[in-house]
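See structure below.
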Amino acid sequence: MISIRQRKGIQTTEVSADYTAQEENAKLEDKLPSSCTSRRLWKILSFTVGGTVALCIGLLTSVYLATLHENDLWFSNIKEVEREISFRTECGLYYSYYKQMLQAPTLMQGFRGLIYDNKTESMRTINLLQRMNIYQEVFLSILYRVLPIQKYIEPVYFYIYTLFGLQAIYVTALYVTSWLLSGTWLSGLLAAFWYVTNRIDTTRVEFTIPLRENWALPFFAIQIAAITYFLRPNLQPLSQRLTLLAIFISTFLFSLTWQFNQFMMLMQALVLFILDSLDMLPAMKVTWLYGIQLTGLLLVCLLQFFNSMILGSLLISFNLSVLIARKLQKNLKTGNFLNRLGKLVLHLFVVLCLTLFLNNIIKKILNLKSDEHIFKFLKAKFGFGATRDFDANLYLCEEAFGLLPFNTFERLSDTLLFYAYIFVLSITVIAALAVAFRNLSDSTNQQSMCKMGKYTIGLKPETAYNLIHTILFGFLALSTMRMKYLWTSHMCVFASFGLCSPEIWELLLKLIHLYNPKRICIMRYSIPILILLYLCYKFWPGMMDELSELREFYDPDTVELMNWINANTPGKAVFAGSMQLLAGVKLCTGRTLTNHPHYEDNSLRERTKAVYQIYAKRAPEEVHALLRSFGTDYVILEDSICYERRHHRGCRLRDLLDVANGHMMDGPGENDPDLKLAGHPRFCEEIKKNLPTYTAYFTRVFQNKTFHVYKLSRNK
């Protein structure tokens, strides 16, 4: 098992606010630079200072995370095999392709090795560029080979520093989004501070460096910043075209680097659909964004050799359905309130039915089953019937796919982020409901519907977009903990924007009858500054202590296993075992695998379930036959799985296998009435007794405190 120890030694209709009040605000803020030239110089100075702060805070965050990674593992001092083992589970699998490309005699041979790969899955040749999102590893390996940097930086450092560099871009994009929304770079600074002080809940890059989301989320943040700017009214044609280009490039790169891109962009498409239906975004701009999503995803599909999972995605079906439904219902945004509401319900029904119809047709044509495990998981997770499906239960029993723990909100509250977020969210939701109600009402009632007392309620299109975005991704994070990083980072943006936004403070002060332009300026600058001072006072000492704490990577059992494999097994040997361990076997030894952690393939899921029978109650001859059907030469058994205690009864891997096989689970507790006693003992326990029925098929060739390696007999 991997452990860490202490080191030894060493606009459609943009809703306007109260125009008079806005003019007063503008006059107050422009009071210092009196002339037009002075105001222009003031803006240039503010932009220069804000941009410099953005770059500095991004770079400092990158250095901070890289230092934490070094201090936690002593990465610069450990052996190469230990560095590779530190890339856990699927991270190791992805990094292995970067290593493979660098070790290839030529780039063309490297490409060919990825397109015709027969080492990732034994007895099968697969196209890795089609199956997995590894173009980033290909691009980095080409850069490393082409640039004259081999003498100055090791390949592994070139790789990890690129990822930490992307974190600088990520934080800068969050900073810019908050700045665009609020109009002051102070909110961007607050967003960045919140991102860093809530690091446990905003990123996990320092210990899962090659994970796909660490490549993708910086581009997603850039896309959100570009969309925020694009939704501003009265953009110049050149600015609009350049912004659309930025949205397209960031959407394309986000889609190219993460296999779950389609589900994140589906959430984004739902945001656009909701706001467009409520007439809160310009219809033409929404159409452009739908088109960019489709174009970017189809281009990725082309680069991934027509990956069927992309073609069968709900996003493509949904976007096509929305565009078709809008053509069919041309008078959707006319009539009185009840008329509009009825049309809206019908529109929703048409889009839903059309989406399901198109998606089913596409999947039947393509015979697509790659993503069915996700829908089985969602069906069981949200209570639409219990399941004994092994793949669905494998996800359900993982903490990362469970509900967001309550202690997350305690940590977010310690930095005042959660309180600020709820405060801003409450005000913007009230404004959004008022605007939505006004937009759904007929024109004769608009004047009264958009007023509260004598004050006008307004919500800018870019604010409305970010509001619905944070709500939908909030629901996603609450339901699935692994997705919290999409929400918490945007939470920093949204909370900081609200505290620095003149519109938010104007609406609040009007609601409590304390409105005054001077108060708005005082509130929007003083409160963020006070929070920044509080964050520095409370968290700076802890961050310094964290940076001074030195640890060391320590996993001698896995290191011993990898060294033994390299020294004592043929280069073409085939290994079976757990998905997580085999990813490390491929990276550290280059041996052929039976299965691996990239789970988005139906045949691989079936193969994994078959291999995992080594932890079920099966006869030795049955296990031998299953493993030999995949060409297995060696099988690795792990005590941490065979005698697992991490999960409760019913969620241990052996329990999932027993239930899927129709067998009763071990230990005290209830079993479903139709489950039966197994006819054989548990394989991983019984094989260690060296009984003749087992030694006829399996010979132990290596063992330590954690792992047991058995060589398979080639005779039946």
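The backbone N, Cα and C atoms fix where each Cβ goes, and this holds for glycine too.
From a predicted model like this one, the values you see are computed outputs, not experimental measurements.
The following features are taken from TrEMBL:
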- 44-66: transmembrane segment (TRANSMEM)
- 179-196: transmembrane segment (TRANSMEM)
- 216-232: transmembrane segment (TRANSMEM)
- 238-258: transmembrane segment (TRANSMEM)
- 270-291: transmembrane segment (TRANSMEM)
- 297-323: transmembrane segment (TRANSMEM)
- 344-362: transmembrane segment (TRANSMEM)
- 416-437: transmembrane segment (TRANSMEM)
- 464-481: transmembrane segment (TRANSMEM)
- 487-509: transmembrane segment (TRANSMEM)
- 521-540: transmembrane segment (TRANSMEM)
Cβ contacts under 8 Å made by the transmembrane segment (238-258) with residues that lie 6+ beyond its boundaries: 133, 135-136, 212-213, 215-216, 219-220, 222-223, 226-227, 229-230, 264-265, 288-289, 292-293, 295-297, 299-300, 303
Any contact, the transmembrane segment (521-540) to the transmembrane segment (179-196), with at least 3 Cβ pairs under 8 A: yes
Considering the transmembrane segment (297-323), which listed stretch of 179-196, 216-232, 270-291, 344-362, 464-481 counts the most C-beta pairs under 8 Å: 344-362
Surrounding residues of the transmembrane segment (416-437) on its own chain - C-beta under 8 Å, 6+ positions past either end: 15, 194, 198, 278, 280, 337, 409, 449-450, 452, 457-459, 463-464, 467-468, 470-471, 491-492, 494-499, 501, 504, 507-508, 531, 534-535
Surrounding residues of the transmembrane segment (344-362) on its own chain - C-beta under 8 Å, 6+ positions past either end: 273, 277, 311-312, 314, 316-318, 320-322, 324-325, 328-329, 332, 368, 440
When counting Cβ pairs under 8 Å to the transmembrane segment (179-196), the leader among 44-66, 216-232, 270-291, 464-481, 487-509: 487-509
